[in-house]
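Sequence annotations record features per position, and here Swiss-Prot assigns region 'Disordered' to 32-70. Here Swiss-Prot flags 114-365 as domain 'AB hydrolase-1', drawing on sequence analysis. Residues or ranges marked as active site by Swiss-Prot: 205, 233, 359.
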């Protein structure tokens, strides 16, 4: 092969590579400009790979800082929910901070109203689901209900007796959740026509475990209203292994920031929140102000460490065996454990993977999560299917 021919081939290959790189960087630039979660196809989303922003790694210094105007106008709970209520649960010695939006309109051609009830994971809060709740309400045009709350030891939920022994094992969280569900059902949900209510429990991480194990403890009346249970980014085997790394994570996670905006910036910098619009409502709920003007993290996960080994035990087996419809949404390439693999092969639950989301699926991909939940509700609720028949409407033509 002549040198001239080799040179032409090399130049041609270089030009093709340059075009690919240019297109890739342009796509990444447009993605960052949009700063949202692009839609993929159901039931599995295999869109663009994770987008990594460039950060300096220093608190408060990032190429994605919010402006002074934005800092003075962070969103509040009322931008996402219609109501905020402090619910007293004397049997649990708790005053639980709750957020909810009730159905505002009904469909004439359906007999089902979906009620989405959310349970957050450890170290989070009910406002982790704020963007998701808003998307659900928007897409269903007010024809749904959304309930979220702060679990014990989190955000604005308080113990009635500050000096009482505090337990953070799974069973305690479950009893809280069951008590709160009973309150919601009697005071809010049952006000809707009962034949129309289809309740879907959605739990992120630890919340998924709590939803799974709470179901058998619900009253028979309430169990009949549970259409399905959804777990967000939780696999028993992986979760138990991850607990061994929590100490290292906590050592590298600041508990005090100069301001709430610095806290938001830090979580976005470190990709703990990949969608700023979600971070701006979810992160402030995790901090309380100090007299110095700084903010401190409300939940100290180190105090939970004696109870970690109770959180995920037997989760996969119990989830697969639930007698209701089940949905598991995972982020990235999370591997299934044996129980989930067998259950998936047997068609025991629906599996959806968001390749471009971080661990906080409801925050990083609220649009796709909303679409997936709506699809899950529609495909599993037989009351949404109206079968019309012409049986008996046609006269029989007899031969003459």
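Every residue, even glycine, has its Cβ placed from backbone N, Cα and C.
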**Prompt:** 10 Å Cβ neighbour count around residue 205 (active site)?
**Reply:** 25
**Fill in**
Rounded Cα distance in angstrom between residue 205 (active site) and residue 359 (active site) is 9
**Whole-number mean of pLDDT values that fall within the domain 'AB hydrolase-1' (114-365)** = 95
**Request:** Provide, as an integer number of angstrom, the distance between the C-alpha atoms of residue 233 (active site) and residue 359 (active site).
**Result:** 6
**Fill in**
Cβ-Cβ distance under 8 Å, sequence separation of 6 or more, same chain as residue 359 (active site); the residues meeting this, in order, are 205, 233, 272, 331
**Item:** Count of other CB atoms lying within 10 Å of the CB belonging to residue 233 (active site)
**Value:** 25
